[in-house]
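Notes follow once the structure below has been shown.
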Amino acid sequence: MVRIIPMASSIRPSLSSFRFSATSRLGPSPSPRHLPSRRLAFSHLGSVVYQSQSFGMRASRLLGGQSSVTAASTPGNISQASTTATQENILDWVKQDKRRLLHVVYRVGDLDRTIKFYTECLGMKLLRKRDIPEEKYTNAFLGYGPEDSHFVIELTYNYGVDKYDIGTAFGHFGIAVDDIAKTVELIKAKGGKVTREPGPVKGGSTVIAFIEDPDGYKFELLERGPTPEPLCQVMLRVGDLDRSISFYEKAFGMELLRTRDNPEYKYTIAMLGYGPEDKNVVLELTYNYGVTEYDKGNAYAQIAIGTDDVYKTAEAIKLCGGKVTREPGPLPGISTKITACLDPDGWKSVFVDNIDFLKELE
């Protein structure tokens, strides 16, 4: 958390955008699953190496250790120790920060059509809508409970744009249901597209199915008992799983809940989040063997995460090698403080001040 690189960028949910081997699971098939090397960019913290330090170390060797100039006492090492302590304080703070996944943002070509599908087929509720005519876009928020306590979907419709490219990097959203067969039949009856019939997941016992919404976004249905967070997964593909896990643990303060390797289908997944899978939404990162880059398209936008301090959050992100695309501060015209960043693969996240977020809902 030190120097912040100034960057002009205005954040608007409707304006963030960013093919490969057939053996990788790009869609909702039971075949190989979808699944970025990060360099820790500490250079901006700049530990200074003084000439007297290098001279003192050489003199010490020449005099058999009798030099009064020691590595531990030189200005460069004192500066480096101070920097290290600051880094540790920042990363410790991240672990204590009150964070929660708030919503996921993506673009659709027909807002009313998508709202109808999500409410009638997937059982979601339309929580609110907002139209911003001067910016020519409309948002709709849908989910299974209030925004102040549940993870929700933020749909964005840009005036006059009826189609987007989903690309190969985005995977799917996950929804937990009590009766998967009944849910699939309802979706079929409403004209929805089922791309994988209900059945056990490959190599496991969880019963799943895959469907597509009218814009082609994939949803994995998972049969589970009652849960406080039915909208339970966002799956994204990455090119270096270890690098991504390290970044999300350190910069985002997420917990690695579990990993699963499936060598038969040549993919590995990692589940990360802010609480147990059965009670919270999780980020599912998927690595397909040998695939390091994907096409992100321009449809999926970002996830939003609550934080107690967007300024410290931005510093932690830079410290861990992430790229801050919007410096922390209030949005123009309103008091809500945010900061936006990219992970090592270019996936975008927006951190929102917790108190400001609740005020905005009021």
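Every residue gets a Cβ built from N, Cα and C, even glycine.
Just so you know, TrEMBL annotations never went through curation; they're auto-generated.
Within 10 Å of the C-beta of Glu220 (active site, proton donor/acceptor) we count 21 further C-beta atoms, all protein chains included. What TrEMBL lists as active site, proton donor/acceptor is Glu220.
In the structure as shown, the Cβ atom of His172 (Zn(2+) binding site) sits within 10 Å of 22 other Cβ atoms. The annotation Zn(2+) binding site is assigned in TrEMBL to Glu154, His172, Glu220.
Summarising the annotation, TrEMBL assigns domain 'VOC' to 100-224 (among others). Taking DSSP states H, G and I as helix and E and B as strand, the domain 'VOC' (100-224) has 20 helix, 58 strand, 47 coil.
Taken from TrEMBL, the feature domain 'VOC' covers 230-354 (among others).
For the domain 'VOC' (230-354), the predicted model reports an average pLDDT of 97. The CA atom of His172 (Zn(2+) binding site) is located 7 Å away from the CA atom of Glu220 (active site, proton donor/acceptor).
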